Amino acid sequence: MRIGHGYDVHRFCDGDFITLGGVRIPHKYGLLAHSDGDVLLHALSDALLGAAALGDIGKHFPDTDPQFKGADSRALLRHVVGIVRAKGWKVGNVDATIVAQAPKMAPHIETMRQLIAEDLQVELDQVNVKATTTEKLGFTGREEGIAVHSVALLLPA
């Protein structure tokens with residue numbers, strides 16, 4: 001069994017929605033990114049890649065490569081799952097914590113879990129997503145961006 005940790009941050013920019021866990025959420029800002037900016041799926045991808053000793057998403061999907069401009073992070077996550085499986089691993093479970101002052105995540109978490117489970121090809125009870133604030137402290141508390149911490153457990157396939 002292997003455990004991986006993922007962490008990602010994206011800064012807010014002009015826009016009127018963000019995408020987290022594959023869910024489009026109305027917001028007063030967007031997220032600045034080369035891809036679609038789905039910080040949750042990026043952190044999960046990094047956790048999976050880390051657990052399999054396969055580097056990180058920057059190695060597999062460099063932000064200097066034009067083919068990944070505006071990329072759908074769900075497609076990137078599915079690709080990560082494919083290469084992790086090719087190395088002989090399957091997902092045991094994943095857990096993620098979204099750190100954001102706004103927008104409120106609670107109304108969207110179940111849909112995020114369902115989409116992530118679909119992309120990972122696992123059962124819903126193998127995926128956990130939760131959210132917290134920093135009580136208005138730090139960059140997330142000042143609503144400058146969003147951060148996500150995640151862990152993944154891989155089991156031999």
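FYI, residue positions are counted from 1 along the chain as it appears here.
Keep in mind that glycine also has a Cβ here, set from the backbone N, Cα and C atoms.
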### Query
Can you tell which of His34, His42, His60 Swiss-Prot lists as binding divalent metal cation with Asp8, His10?
His42
### Task
Give the distance between the Cα atoms of Phe139 (4-CDP-2-C-methyl-D-erythritol 2-phosphate binding site) and Thr133 (site 'Transition state stabilizer'), rounded to the nearest whole Å.
11
#### Entry: Among Ser35, Thr132 [binding-site residues], residue with fewest other Cβ within 10 Å
Thr132
### Task
Within 10 Å of each Cβ, count the other Cβ atoms, then let me know which of the binding-site residues Phe61, Phe139 comes out lowest.
Phe139
### Summary
Rounded Cα distance, in Å, between His42 (divalent metal cation binding site) and Asp8 (4-CDP-2-C-methyl-D-erythritol 2-phosphate binding site) is 7
### Task
Could you tally the C-beta atoms, other than its own, that fall within 10 angstroms of the C-beta of His10 (divalent metal cation binding site)?
20
